[in-house]
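To start, the structure itself, in structure tokens.
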């Protein structure tokens, strides 16, 4: 069957399927790194690959720098990221945000990227004094919050925006705190 | 074919018992997809095998967590995006509309002779069996109060369950389409049989 006669995707080559999803992930990460206006395109196709990988990487680095109870540390990071994202999302939906559950979890998950980078940087420099860690994690926290505000802010009515954004800041603050205390 | 013989036992014996489509089953002219069958089973088996192995061999919780979660995630992707359309000619999407609500989109092949009954069974049995397996593991951990493992099992169960739900909805939709067209009942029976047998 010829592709153009077939509007469906049942016969597409596997490589095309893989490339489409990889492009989608790259596109979203790019928008998190350089937040800019047009969020609609990014939001339309959600995926949970980015959040899964970013969260696993962060959990790995935090658990290897934990002195004891590495398994617990790893699981806590994983649960905090996913359950936290779910709670913040439900809050946004209760405030009449016009965004679906998975879209919101996807965006919140992608936006932990700066905090994941901060975790890796701290692990590389192996300098665990507060004076070094705080500026790095603080900057990453601001970046994460700023990027997610660009996506989520516009989905909630103006009058309730603060109520929706506050839990998002808190969510990233908890993750930032997990990074700081590593 | 030889390579995948370990996986062939169950479905083929099941098919013989049925007898209804025995004339179409052994030498079906539908294209075969051994590679798809392999990957359909590969990540599912890796996830469960590593998970079970970790209780006998000390691999370490973190490493087990990562391998099992990633295997399940890869399996979710492969099942949703590749093996579903190769093996049973079905594909589901969950699309988001402008206002944030979502709707299901289903695709199915019209020409049901393109679906090999053995492969159809090979698709449905693992999708259902592995979802059930992760559900059972979750229950065991819940009552055994091992909450760290429970996290892994719930993640795997949700991933497997999402595919099961998507494909059941998709198969129902395909059956409806076929009925609507009153064009061919073969597909319906294949889908039906696959679901009933499962």
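Heads up, residue numbers simply count up from 1 along the chain you see.
Cβ atoms here come from the backbone N, Cα and C positions, even for glycine.
Quick caveat, the model's predicted, so the values are computed rather than measured.
Residues annotated as topological domain 'Cytoplasmic' in Swiss-Prot, with similarity to another entry given as evidence: A:1-45 (among others).
According to Swiss-Prot, the transmembrane segment annotation covers A:46-66 (among others), on the basis of sequence analysis. Beyond its flanks by at least six residues, the transmembrane segment (A:46-66) meets 21, 24-25, 28-29, 73-75, 77-78, 81-82, 85, 100, 102-103, 105-110, 112-113, 115-116, 119-120, 123, 128, 175, 178-179, 182 of its own chain at Cβ-Cβ distances under 8 Å.
Annotation source Swiss-Prot lists topological domain 'Lumenal' at A:67-70 (among others), citing a curator's inference. Across the topological domain 'Lumenal' (A:67-70), the DSSP tally of helix, strand and coil residues reads 1 helix, 0 strand, 3 coil.
Per Swiss-Prot, transmembrane segment is recorded for A:71-91 (among others), and the stated evidence type is sequence analysis. A Cβ distance under 8 Å defines the sequence-distant neighbours of the transmembrane segment (A:71-91), meaning residues of its chain 6+ beyond its ends; these are 51, 55-56, 58-60, 62-63, 101, 104-105, 108-109, 112, 163-164, 167-168, 171, 174-175, 178.
Tertiary neighbourhood of the topological domain 'Cytoplasmic' (A:92-104): same-chain residues 43, 46, 48, 85-86, 152, 155-157, 160, 163-164, selected by CB-CB distance under 8 Å and a gap of 6+ residues from either end. Residues annotated as topological domain 'Cytoplasmic' in Swiss-Prot: A:92-104 (among others).
Nonlocal intrachain contacts for the transmembrane segment (A:105-125), taken as residues 6+ away from its ends with a CB within less than 8 angstroms of a stretch CB, comprise 28-29, 32-33, 42-43, 46-48, 50-52, 54-55, 57-58, 61-62, 64-65, 81-82, 84-86, 88-89, 132-133, 136-137, 139-141, 143-145, 147-148, 151-152, 168, 171-172, 175-176, 179, 182. Here Swiss-Prot flags A:105-125 (among others) as transmembrane segment.
Look at Swiss-Prot and you will find A:126-133 (among others) tagged as topological domain 'Lumenal', backed by a curator's inference.
If you look up Swiss-Prot, you'll see A:134-154 (among others) marked as transmembrane segment.
Residues or ranges marked as topological domain 'Cytoplasmic' by Swiss-Prot: A:155-161 (among others). Mean pLDDT of the predicted structure over the topological domain 'Cytoplasmic' (A:155-161): 77.
Residues annotated as transmembrane segment in Swiss-Prot: A:162-182 (among others). Here the transmembrane segment (A:162-182) has long-range neighbours at 58, 61-62, 65-66, 76-77, 80-81, 84-85, 87-88, 91-92, 95, 97, 108, 111-112, 115, 118-119, 122-123, 128, 130, 133-134, 137-138, 140-141, 144-145, 148-149, 152-153, 156, meaning same-chain residues at least 6 beyond its ends whose C-beta is under 8 angstroms from one of its own.
Remote same-chain partners of the topological domain 'Cytoplasmic' (A:155-161), defined as residues 6 or more beyond its termini with a Cβ less than 8 Å from a stretch Cβ, comprise 92, 95-99, 104.
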